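Participant: Mind having a look at this structure? Questions to follow.
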Amino acid sequence: MGETHNHEHNHQPPPQQAAAPPAMPLGSARGPMFPPAEQLLQLHYCIHSNPSWPQTVLLAFQHYIVMLGTTVMIATVLVPQMGGGPGDKARVIQSLLFTSGVNTLLQTLFGTRLPTVMGPSFAYIISALSVINDLSDSTFRSEHERFEHTMRAIQGSLIVSSIINIILGYGQVWGKLTRFFSPVVITPLVCVVGLGLFGRGFPQVGDCIEIGLPMLILLVISQQYMQRVHPVAQSILERFALLLCIGLIWAFAAILTVAGAYNHVTEQTKMSCRIDHSFLLSSAPWVKVPYPFQWGTPIFRASHVFGIMGASLVSSAESTASFYAASRLAGATPPPAHVVSRSIGLQGIGQLFDGFFGAVVGTTASVENVGLLGLTRVGSRRVVQISTAFMIFFSIFGKFGAFFAQIPLPIFAAIYCILYGIVAAIGISFIQFANKNSMRNIYVLGISLFLGISIPQYFVMNTDITGHGPVRTPAGWFNDILNTIFSSPPTVAMIVGTVVDNTLEARQSFDDRGVPWLVPFQRRKGDSRNEEFYSYPLRINEYIPSRFL
């Protein structure tokens, strides 16, 4: 019996072992995986939601201060070379503020409807310098007469060249171009619109390091670290630390100026560090309303017009990149093709307006103000619309505007170090909608990013103070167009990225490029949210022909 028992026991099947868990992807056990997110979840206010009215007004004033820096920089570069004095510079700043305010309001109502400030563009600098140099051999009775004559020549060029953006926009050409975009193209395009402005960051902080560097450090510490000290401090510092830091460092600069720290320094250091060396406050009128043709009858010259046309194309590329970045930071979907088209068309009308009112350059979507949306986490459209009231108010009441225009430029440069970085980082976030592990995508990204920065750097390094770049053929207008286009990082990145992405295994990599994700947003009715974010206010679209919507 015992043997039989043992025999039966020995022949029992072995116990079944528990099934092994499925193999996990390499590295997945080391931390959580984050799926793509179409909208940023940590925004406090998106495009439709609004802060309280007191906060809205303060945030709007903050947007005005941020765009003021670029306005003053452009006037500082161009007006002295045109023969203008401090009074002329003050009036140019007033004109730029006025046209920026009107164009921003129009863009937020009838353009993209995104919370983007339309500010003066550096893209026009090369063309403006070319006009200045072209008139340098002319004889004038005074420097002021030379200034007014140059202004009239730039005015005429802005007016005529505005037709380019109007045709590209309302002819739907620019929107059809964006249909060739994919996340692999949008990523370097948005990245370099921020990174490509590195020359306006720390290099200008170094012009007055004792003011610029404390501003940069104080803003980082107060806006990011000190907000975690107390819950009340968090909401205040996260949204308004920039204003507080500007006030403190500006006061510090005033103390250094009064104490005589800059009495025995170079003229360049005085311009960068002193708060009273621009003479804007003493030169600006108390009340001056900008009006059409305030500098005189515009002068039209074909060679000047072609140069400004190149700048118009560049400003369109820069605005397109800023619109994509703003849509992410405002909690909206990527702008559809027809919305991008109408915004570029409206930008052309805005340039026409710039020419009528005597702005020294055209306008584009302000990159620094887009970065401010991310810094404050407030993407409200209303905030930007209220900021236009500050622009227009300070453009009319010159003394008050000149007071804030005296803020030393290294303070603005320190702010831009952070704001441009935020925009560049937002560009990186678009790659989540494509295959990040595709070697083909990595190649397109790499060549677009590198050439988008390297080619413009070559053109900038070989451009002299008169605006003559490396392209120097007998046709000056042709030189201006190419030198302007290839001096723009987003324009070069857009050209390289679009060409390579649509010619290198485009059909085989359709899904890897992220095209299926982007296509619904590019169509008018491809996504139900498109109408919510981008439709005209007050059902005005019922009275506008569909081809212009």
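Along the chain as shown, the residues are counted starting at 1.
The backbone N, Cα and C atoms fix where each Cβ goes, glycine too.
Those TrEMBL annotations? Automatic predictions, nothing curated.
In case it's useful when we look at the structure, here is the feature table from TrEMBL:
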type     : residues : note
COMPBIAS : 1-11     : compositional bias 'Basic and acidic residues'
REGION   : 1-31     : region 'Disordered'
TRANSMEM : 61-80    : transmembrane segment
TRANSMEM : 117-135  : transmembrane segment
TRANSMEM : 156-174  : transmembrane segment
TRANSMEM : 180-198  : transmembrane segment
TRANSMEM : 205-225  : transmembrane segment
TRANSMEM : 240-262  : transmembrane segment
TRANSMEM : 383-405  : transmembrane segment
TRANSMEM : 411-430  : transmembrane segment
TRANSMEM : 442-461  : transmembrane segment
TRANSMEM : 481-500  : transmembrane segment
Participant: Under 8 angstroms for C-beta pairs, at least 3 of them, ignoring pairs fewer than 6 apart in sequence. Is the transmembrane segment (117-135) in contact with the transmembrane segment (481-500) by that rule?
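Facilitator: Yes, these stretches are in contact.
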Participant: State the residues, same chain only, that lie 6 or more residues beyond the ends of the transmembrane segment (205-225) and have a CB under 8 A from a CB inside it; answer 'none' if no residue qualifies.
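Facilitator: Tertiary neighbours of the transmembrane segment (205-225) are 237-238, 241-242, 244-246, 248-249, 252-253, 256, 268-269, 272-273, 375, 408-411, 413-415, 417-418.
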Participant: Which residues, given as numbers and ranges, are at least 6 beyond the ends of the transmembrane segment (61-80) yet have a Cβ under 8 Å from it?
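Facilitator: Those are 88-89, 92-93, 96-97, 100, 117, 119-120, 122, 125, 128-129, 132, 147, 200, 240, 242-243, 246, 271, 278, 360-361, 366, 368-369, 372, 376, 383-384, 387, 390-391, 394, 404-405, 407, 409, 411-413, 415-416, 419, in sequence order.
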Participant: Using a threshold of three or more Cβ pairs below 8 Å, and leaving out pairs closer than 6 in sequence, do the transmembrane segment (411-430) and the transmembrane segment (442-461) count as in contact?
Facilitator: no
Participant: State the non-local partners of the transmembrane segment (180-198) in its own chain: residues 6+ outside its ends, Cβ under 8 Å from one of its Cβ atoms.
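Facilitator: The answer is 317-318, 320-322, 324-325, 334, 367, 371, 416, 420-428, 430-434, 441, 444-445, 448-449, 452-453, 456, 488-490, 492-494, 497-498, 501-502, 513-515, 517-518, 522.
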